[in-house]
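Taking it in order: structure first as structure tokens, then the write-up.
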């Protein structure tokens, strides 16, 4: 399996497939926000930014999958997925155990050199409350789904990183 992941990480197809999954999740989030009129909270926006990190990592990996740039893409992928798990877990705890003493921020605070909420307000401006449960599917809230999604991204990313140190098996069909 690790040899298979090693081969996949050196081709564009797997990276583009990951980009497609992240893009679909981003489009679903925008559908929830602009069509279903669910108001994203600050944690939702941070989770969205982590998903954009995974999307960016996959596009970086697709640019030059056979070069050392692939390692940078894998590390960005792992970092974004890890932050996504942390954010989604914190968001889940805010929803499952609401407290007047533990709340999320009122406004998103991106770095001054990357004010995404100013550049793309339709995507990165928060208007909801983190403790409010707005959507449920199969008895799980949205942040609970995101814990699983980000954990899957993280698990696969760690396997891909480990596979980089496995030598691919040579397929020499005519040497026997």
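Placed from the backbone N, Cα and C atoms, the Cβ positions cover glycine too.
Since we're looking at a predicted model, the values are computed, not measured.
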Annotated range (Swiss-Prot: transmembrane segment) out of 72-89, 90-107: 72-89
Check: residue 2 and residue 66 same membrane side, Swiss-Prot record: yes
Neighbouring C-beta atoms (10 Å sphere around the C-beta of residue 41 (disulfide bond)): 26
Three-class DSSP secondary structure - residue 44 (disulfide bond): helix
Per-residue Cβ crowding (10 Å cut-off), top of disulfide-bonded residues 44, 104: 44
